């Protein structure tokens, strides 16, 4: 009888794995192309989306602190917020920014980005990274111009890119 109990246990574990495997493995939760811009935190932690598929067209579901919004990937042009028919808040482009006095309202005016030379690369060099580095293991940028202020787009220690304070 112990062998039957092991069979039942193994069957139960396999069934549990199948039930709790993320849908992305089946292709129904495919991530949209592009990289989310670096967004400043939304103060009221509203999650306007959970997955890229919650956003229309080529918009991605991007983290903004404890909240999330649908955002045009890699955009730095001034954008605007709009609501979809399903009530999803969409950020057309730019960086979502709030201030403690704004009561959760979101500004989408981009930061001033000064380009050094004609290629958009900012001054300074990327710092060396100690492996493994703790933090977000996801792409936050693809080029310096997507980072605010004098921050540069550099490797973050897990094979991804993030906005980092450069060395001068």
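Along the chain as shown, the residues are counted starting at 1.
Glycine too: its Cβ is placed from the backbone N, Cα and C atoms.
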Candidate ranges 100-123, 124-147 [criterion: Swiss-Prot lists as region 'Disordered']: 100-123
Length of the line joining the Cα atoms of residue 36 (disulfide bond) and residue 147 (disulfide bond), in Å: 11
Fewest other C-beta atoms within 10 angstroms, as judged across 158, 163, which are the disulfide-bonded residues: 158
Rounded to the nearest Å - Cα separation of residue 45 (disulfide bond) and residue 147 (disulfide bond): 23
Rounded mean pLDDT for the residues that make up the domain 'WAP 2' (119-167): 78
